[in-house]
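Worksheet: the structure to be examined is printed underneath.
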Amino acid sequence: MAKMYYDNDADLSLLKGKKIAVLGYGSQGHAQAQSLQDSGLDVIVAEIKGSKSWDRAVADGMKVTTTAEAAEQADMIHILLPDEVQAEVYRESIAPHLKAGNIIGFSHGFNIHFAQIVPPEDVDVIMIAPKGPGHLVRRQFKEGAGVPCLIAVQQDYSGKARDIALAFAKGIGGTRAGVLETTFKEETETDLFGEQAVLCGGLTHLIRSGFETLVEAGYQPEVAYFECLHEMKLIVDLIYEGGIANMRYSISDTAEWGDIATGPRIITDETKKEMKKVLEEIQDGKFAQGWILENKAGRPMYNAIVKRDKAHQIETVGKELRGMMSWLKK
Ligand code: NDP
Ligand code: MG
Ligand code: MG
């Protein structure tokens, strides 16, 4: 089994006396910045002046300044901006202020792996990537727990880059849950593949195809919604708790027979062949190229499809049904 690192493997004092600039106060930024500060580290947040995130950081008791100012002052610059804006912000407001021995941190490897950001040789380049959304990172930290993290070292100028990444993971509670070492390449490629083929792309299209099949056959959309979307969470919870075997133990034998007999007709050898192609296009940079160009063009396809999908019947029916589910948080 791969080696896991815990609290005792990490030395927070490696970051004591260093000024850490957290760039961006969004999902990951707010969670990591506050937790590092609670861990007794010297943190400064960088945001766009006058933005809502700036105000939120001030309200949370953080020191806040501009990106250029933070990059100038900091020993470690941790970039938690949206991946699509990181390269431009790096060129304009970070690179001019970098000093030998600085540390540049990320929570996702996209910009380093696809060479959208190419730091100078005299800095450390590390990754600390929590395997969970920012709000969970913060909540777990406050409860004395943590979210598992991946760490990686791309450049080790100081000779201590790995230990610094571990210290950082400790500062956000990651070593309480367990830290696994990876590379920028592995994290980037597996993360992109997972969200495209399984977690997001695969799942949403599976749900919608099932929903459409039932509705087109004349069944009530409300029933189709419960069957294909609502119940998904209940099934996934069982898988999360005890694996696929545990889920199969809980469902009826009829459902289990349907799972093993029909599943391979839905996710076929063709599907897996396509997954391999998707992975190749991540590995050879074709996906990254498409996404970078889409952003440069002002996201015409992204905007059109997101808008169209918001009007899909599964969304309108779901909104009404969820309105009647008093136990769901608004
Ligand atoms: P968010 O979009 O939630 O937050 C980004 C923050 O950056 C926002 O506060 C935004 O401000 C601010 N921002 C946007 N543009 C600029 C700019 N030009 N200059 C300064 N600040 C700016 O991002 P995430 O937290 O989701 O992602 C950050 C990084 O963490 C990414 O690399 C992502 O891949 C990684 N990651 C994210 C996870 C997640 O669960 N979200 C999980 C693991 C890794 P405003 O709100 O005002 O627009
Ligand atoms: Mg991702
Ligand atoms: Mg059933």
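Here the Cβ of each residue, glycine as well, is placed from N, Cα and C on the backbone.
For the NADP(+) site, TrEMBL lists Y25, G26, S27, Q28, S51, S53; matching the candidates G132, G134, G144 against that entry yields G134.
All protein chains shown were included, and the count of other CB atoms within 10 Å of the CB of Y25 (NADP(+) binding site) stands at 30. Taking the Cα atom of each, E195 (Mg(2+) 1 binding site) and H108 (active site) are about 13 angstrom apart. Taking a C-beta cut-off of under 8 angstroms and a sequence separation of 6 or more, G26 (NADP(+) binding site) has the following same-chain neighbours: S53, L80, L81, P82, G134. Close to ligand 2, meaning a Cβ under 6 Å from one of its atoms, are these of the binding-site residues G26, Q28, S51, D191, E227: D191.
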